[in-house]
Amino acid sequence: MAAAAAPRGWQRGEPRALSRAVKLLQRLEEQCRDPRMVTGPPSLRDLLPRTAQLLGEVAKARREAREDPEGPGGADDFLAIYLANLEVKGRQVAELLPPRGKKDVNQDVFREGSRFRRQLAKLALIFSHMHAELSALFPAGKYCGHLYQLTKGSAHIFWRQNCGVRCVLPWAEFQSLLCACHPVEPGPTMQALRSTLDLTCNGHVSVFEFDVFTRLFQPWPTLLRNWQLLAVNHPGYMAFLTYDEVQTRLQAYRDKPGSYIFRPSCTRLGQWAIGYVSSDGSILQTIPLNKPLLQVLLKGQKDGIFLFPDGKKHNPDLTELCRVEPYQRIQVSEEQLLLYQAMNSTFQLCKICAERDKDVRIEPCGHLLCSCCLAAWQDSDSQTCPFCRCEIKGREAVSICQAQERPTEVRTAADGSRDNCHQEAAEQKLGPVIPSAPSLLPEDQFPQGPQDKGWLTLAPLALPRLRPPLPLPKMASVLWEVTSRPRAREEATESS
């Protein structure tokens, strides 16, 4: 029997490239042993060995791979781009650090506020992004970029419709695809968009980077408008800034409570970190959990917490972005209602506690449960969905009620308030989610089949199938509304 063919990349010299990258990281790790290199997150001393270990796992998995199902934009292309970028960024770090055995050279890199220190901090952030990206697309070394589930449903549909199973695209191609849905003027604005999206600074956009971007600048219908107001025009936005640098920058405003700046979190990619001066002059940093930044800033302004962006008097008005989204509807068939009734239950009842109604939706898998059960589940250090074991990347407060039938033209008018690209995307199903463990708790979902015809599919949810014990006759469906509603969400203080 002939031996199984190795992946194409493995045959083209990929093993040597991976080995060379690991050796480079090991050399950099030796240069970072100076005690003065101990900094807040992200720390090169921590990132370099972790990245080297993950690359070793990738090499092992690639060596043992029996087939190579990925085409253009798959594992081969991603690794070629990743390793080339790693070599470039690694050399830049090596030039900034003192050579081995010459500790008296390049001393400016250890001086707080120096240009060399700032360059090193930015490179540490890039290495942090690269490690997070590799971990997301190659968990435990095994490629799963073609199965990657974006957190926001509309973003997932956009990527899979336009990019298929590819996990990485050249910037020029991605730019044209995005602009077809969200137009952007060429020139400085387009360049600013590239610098925000391209977290690893390699001239490409991966599905992971797009996921982070869409989580930061949600909701989808006004994605780039949100980005322009928050990242381009807002004086409080800081790109590529670390926890320590935020503390340093706000020192100048300790006598001006209400001063604040915000940045993408480097420890929780896809979420925001806000640094601000409290009423007693303390400098605090917090990460709002699963809530759009513009809502957090507006509430902070109302409460007198976020008043002076980067110490400036003018606080931009973000109210134009806080519009109520149209209701998101899901459909429950009559047979499903009968099934719930047979179990002495209802659709809206949380299937974990069986006491409270569902009021929160887990992202990206879309499962519904009550916020109390979700909080208790996460307090037990469980960061995966209790139904499908998909990673919990976000959550959305919802309100469930049985809807009254509306005339078709009225329903269409409400739905039409979303942009065309969003409307088209909403008519497609989400891609598959591969759970890491079997479900342990009851599951909810609606059956797929011929009876689905005519159902509204705005913002469809990827939920597990609920199978009835006996076949039931097809009956008319009943419309339910799952309504996103604003509610206060807890905030977590960033401790690292």
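Backbone N, Cα and C define each Cβ position, glycine as well.
Here the structure is a predicted model, which means the values were calculated and not measured.
According to Swiss-Prot, the residue from Glu185, Glu209 that belongs to the Ca(2+) site alongside Asp198, Thr200, Asn202 is Glu209.
Checking Swiss-Prot for zinc finger across the ranges 110-149, 350-389 points to 350-389. Neighbour counts of Cβ atoms within 10 Å were compared across the binding-site residues Thr200, Asn202; the minimum falls on Asn202. The candidate set comprises the binding-site residues Asp198, Glu209. Of these, Glu209 has the most other Cβ atoms within 10 Å.
Taking a C-beta cut-off of under 8 angstroms and a sequence separation of 6 or more, Tyr340 (phosphotyrosine) has the following same-chain neighbours: Thr346, Phe347. In the region 'SH2-like' (218-320), the DSSP tally of helix, strand and coil residues is 36 helix, 21 strand, 46 coil.
What surrounds the Ca(2+) site, by Cβ distance within 8 Å of the Cβ centroid and not counting Asp198, Thr200, Asn202, Glu209, is the set Asn85, His129, Glu133, Leu197, Leu199, Cys201, Gly203, His204, Val205, Ser206 from the same chain.
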